[in-house]
């Protein structure tokens, strides 16, 4: 079986080339051709020795993910659905802005965490993506957008691991993919412009801080354990105190001096003044050292199976003001791509569920979710 070269970071590719009797500088050349120029045909790689190109043709390939569909929003957001085999498909979303281009990437086919407000969680979980399948989303999007815009300049300046899946539950594939994105011979992203979003897998947060510390976002969504247990089931394993301690440890190594807490605003569930006061006490405890953080309030994007509703704009604004008045930097996420189901929490793809999530979620829909003070 031939090797997919998208699976390798530069060190891995150098080791592979060494097995072929080649020096490291050949791996650098090959890496640049693949990631900077978007080449998948070894015959195009003109500065590689013909003998190496022939070797590669017999033992390696560059495997793009088949594109099932592409949708473009009225606001310019682009969503791609990629086929990852065995009846599974994952989604990636490009969000253009005046000063940046952000790509939201998936790390798993489905998700096993099962957050109540997330469409992906309702799809269940099939499998982890490989490093190559993670990188292939960036590889395709970057070079497809360059071709569309008629430019050789970099289009994607920021990558967020906020698509389908919990990245830190796919750690062994995640880290080589991050290293490829950061490598100056690859995509050359700054550690500050590469963000991993987690629902709070505490041991892997500690490992990432040592192995490949990039910007960190944490899906918080509740100010106390009782409510977070309902919204983010992983909280039952790693409760808030453990999670916040992990955030503090992570900041010792992080490229940014704050953690971004993501907070999906759910009408009547987690959006009341008391919840804001509890959040303030959580991250700014009286008499204790708090977590350096900012909050990103996310308007909920409804989907039929959730049984939940979006907080009204006035409630979101009042909630944000309470946090801001307490000295916490707070933003409200602008909804992008909701007309093509590309907004936060809407990515679902097509998942061959191996966790019976649909059955569990159907049972949960009969339970009235109530805020817990």
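Quick reminder: no glycine exception, Cβ is built from N, Cα and C everywhere.
Noted in Swiss-Prot for the protein shown:
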- 91: active site, proton acceptor (ACT_SITE)
- 97-339: domain 'Radical SAM core' (DOMAIN)
- 104-344: disulfide bond (DISULFID)
- 111, 115, 118: [4Fe-4S] cluster binding site (BINDING)
- 165, 166, 197, 219, 220, 221, 301: S-adenosyl-L-methionine binding site (BINDING)
- 344: active site, S-methylcysteine intermediate (ACT_SITE)
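On the structure: features taken from Swiss-Prot.
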residue: 104; record: disulfide bond; CB count, 10 Å: 27
residue: 111; record: [4Fe-4S] cluster binding site; CB count, 10 Å: 29
residue: 115; record: [4Fe-4S] cluster binding site; CB count, 10 Å: 24
residue: 118; record: [4Fe-4S] cluster binding site; CB count, 10 Å: 27
residue: 165; record: S-adenosyl-L-methionine binding site; CB count, 10 Å: 30
residue: 166; record: S-adenosyl-L-methionine binding site; CB count, 10 Å: 26
residue: 197; record: S-adenosyl-L-methionine binding site; CB count, 10 Å: 21
residue: 219; record: S-adenosyl-L-methionine binding site; CB count, 10 Å: 25
residue: 220; record: S-adenosyl-L-methionine binding site; CB count, 10 Å: 29
residue: 301; record: S-adenosyl-L-methionine binding site; CB count, 10 Å: 21
Legend entry - Residue among recorded positions 91, 104, 111, 115, 118 with Cα closest to the Cα of residue 197 (S-adenosyl-L-methionine binding site): 104
Legend entry - Candidate nearest residue 111 ([4Fe-4S] cluster binding site) in space, where candidates are the binding-site residues 219, 220, 221, 301 and distance is Cα-Cα: 219
Inset, instruction - May I ask for the distance between residue 115 ([4Fe-4S] cluster binding site) and the residue listed as 'active site, proton acceptor', taken between their Cα atoms and rounded to an integer number of Å? - result: 18
Inset, instruction - Could you please provide the mean pLDDT value for the domain 'Radical SAM core' (97-339)? - result: 95
Inset, instruction - Return the member of 118, 165, 219 nearest to residue 104 (disulfide bond) in space, with distance defined Cα to Cα and candidates limited to these binding-site residues. - result: 165
Inset, instruction - Express the distance between the Cα positions of residue 91 (active site, proton acceptor) and residue 219 (S-adenosyl-L-methionine binding site) as a whole number of Å. - result: 19
Inset, instruction - Quick one: give me the count of other CB atoms within 10 A of the CB of residue 91 (active site, proton acceptor). - result: 25
Inset, instruction - Whole-number Å only: compute the distance from the Cα of residue 165 (S-adenosyl-L-methionine binding site) to the Cα of residue 118 ([4Fe-4S] cluster binding site). - result: 10
